[in-house]
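Structure, as structure tokens:
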Amino acid sequence: MGRITLDKVTKSFGEVQVIPPLDLTIDDGEFVVFVGPSGCGKSTLLRLIAGLEDITSGQIRIDREDATHVPPAKRGLAMVFQSYALYPHMSVRKNIAFPLKMAKMDAAERDKRVDYAASVLNLTDYLDRRPGQLSGGQRQRVAIGRAIVREPAAFLFDEPLSNLDAALRVNMRLEISELHNTLKTTMVYVTHDQVEAMTMADKIVVLHAGRIEQVGSPLELYHTPRNTFVAGFIGSPKMNLIEGPEAAKHAAHTIGIRPEHLDTSAEAGTWEGRVGVSEHLGSDTFFHVHDTGLAETLTVRASGEVALRHGDRIFLTPQMDKLHRFDAEGLRIA
Amino acid sequence: MATQHSRAAARFMISPSVLLLLGWMLIPLGMTIYFSLLRYNLLMPGEHPFVGWENYSYFLSDPAFKIALVNTLLLVGGVLIITVIGGVLLGLLLDQVMWGQGIVRILVIAPFFVMPTVSALVWKNMFMNPVNGLFAYLAKFLGLQPIDFLAQAPLMSIIGIVSWQWLPFATLILLTAMQSLDQEQLEAAEMDGAGPFSRFFYIVVPHLSRAVTVVILIQTIFLLSVFAEILVTTNGGPGNASTNLTYLVYAESLLRFDVGTGSAGGVVAIVLANIVAIFLMRMIGKNLDA
């Protein structure tokens with residue numbers, strides 16, 4: 001079981017309150033991703049759950065038991081750190097076995113569990129090496145192995161992929177998702193990368209300045225962002241947010257339209273503009289449109305290759321059913 | 001390209017300093033070896049006949065030699081044990097965040113800047129003196145008989161004084177090593193269920209092994225030649241109780257004016273120091289490999 005409940009949790013460093021009162025429930029077996037810009041308190045929140053930081057007020061419950069003052073080791077959670085935090089003087093086998101050794105498990109059982117974890121993570125051939133002799137992805141797997149053997153109630157990942165190169169990151173993303181499907185254990189994952197969040201999560205928690213902006217499934221956040229912050233943060237490229245008279249026409253303070261929901265035409269449309277920089281990705285083309293009479297530069301996503309050059313004239317039309325409307329506080333108008 | 005040429009030029013240009021250093025080392029060494037083979041006593045002017053190994057056999061068969069050898073090893077070993085263990089503990093203490101951290105750290109380093117003769121004199125006269133010393137006052141305050149440290153436990157007293165001087169060095173090196181330990185490793189160990197002692201022995205101590213090796217190697221070099229502390233406090237006595245090899249060589253050549261035997265003792269000391277160095281490198285040198 002791994003149900004984690006945060007009840008009016010706050011955290012202050014001295015005078016500064018980094019987490020204002022916050023409620024959150026993480027259900028058993030869920031893959032929850034905390035996402036937000038750097039400095040939004042997502043890592044702090046994870047460390048509060050882990051017990052590496054003490055909460056200032058409120059309560060943390062793990063499986064309905066009050067864990068607020070339980071030391072980290074007794075919470076039954078395992079953590080994978082950004083720097084992997086492997087023990088450099090121990091072999092891979094000893095690294096993975098370390099938590100079991102600390103739990104005073106007997107050697108035979110220990111070896112069995114380490115061998116199992118190594119086979120799950122394709123580390124069997126590397127068990128006698130030191131962490132210094134492994135590649136980044138292998139180190140990452142050792143760190144995950146060290147977490148698995150404890151059979152924790154939940155895994156906590158603190159930006160585990162940020163030290164890997166782009167190709168490896170995509171692989172490890174799949175491996176971690178696969179692992180979640182195999183183990184069916186609760187996982188809490190912190191990242192600043194919204195692509196990781198969208199692809200891996202059952203539930204995304206968007207954080208901003210210590211506050212939860214929205215909780216929901218990836219598609220919920222994509223289709224119905226609760227406010228302009230979530231609207232701008234989720235989705236790549238960013239949603240176009242337009243203020244002023246154009247928004248007033250739709251009885252809103254701000255309107256948002258995603259780049260993929262703008263239709264292009266050479267003859268007629270709502271907004272006329274000039275094409276700026278185009279980014280060709282092969283499957284898609286992103287281009288930036290200037291001089292539409294709006295204050296903002298619009299980003300447009302067209303699928304496939306588009307024969308538009310810098311300086312060409314273009315007409316854009318938003319798909320009206322995909323238009324998001326926000327009020328003066330930035331909240332969504334239903 | 002021009003590497004071959006520039007390498008030759010570089011060798012040519014550093015040759016004067018290399019030759020100077022070589023001469024600096026080889027001439028005194030050669031003279032010491034040469035004198036060690038002569039009967040050369042400053043109290044007996046005249047001929048300095050060649051006597052072969054006589055000085056060596058005289059020095060090595062001197063009962064004081066064996067005592068000095070044992071004393072040297074005890075001194076080096078004792079100071080190493082005290083400074084390494086004390087240095088780790090002090091390092092752990094100083095690694096904590098506290099008020100006045102900077103000043104406390106400077107105070108801890110301070111003994112290292114005191115000259116050996118001065119610190120030995122301070123210890124001898126202000127702490128260990130059986131009449132006026134601080135320890136004597138303390139003993140009298142508690143109603144105990146004051147101990148005359150330098151007469152009753154001369155070698156231990158000198159080990160204490162030298163340890164006091166070298167503890168800051170060990171603390172400094174070990175503290176910096178501790179500060180370079182990745183905090184996430186300690187947090188990971190905490191999550192893995194390691195208590196404070198397990199964290200110390202499984203994570204901190206292995207991390208310190210390289211720094212400890214450096215401390216041991218550097219200190220051994222200097223501790224083999226401890227001299228000022230002995231000269232100022234006990235003069236090697238009572239008897240030979242606190243004479244180490246360095247002091248024995250001094251006594252032979254400058255107290256007995258026997259240049260030949262003194263030189264022979266010097267050569268023996270060089271050989272012994274090298275034996276110790278080889279053993280040390282064998283034992284702990286592998287820690288220095290990356």
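Note: Cβ is positioned from N, Cα and C throughout, glycine not excepted.
Summarising the annotation, TrEMBL assigns domain 'ABC transmembrane type-1' to B:69-280. Residues annotated as transmembrane segment in TrEMBL: B:12-35, B:67-94, B:106-123, B:155-175, B:208-228, B:264-284.
Ranked by the number of CB pairs under 8 Å to the transmembrane segment (B:155-175), the listed stretches B:12-35, B:67-94, B:106-123, B:208-228, B:264-284 are led by B:67-94. By the count of Cβ pairs under 8 Å, the stretch nearest in packing to the transmembrane segment (B:208-228) among B:12-35, B:67-94, B:106-123, B:264-284 is B:67-94. Nonlocal intrachain contacts for the transmembrane segment (B:12-35), taken as residues 6+ away from its ends with a CB within less than 8 angstroms of a stretch CB, comprise 259-260, 262-263, 266-267, 270.
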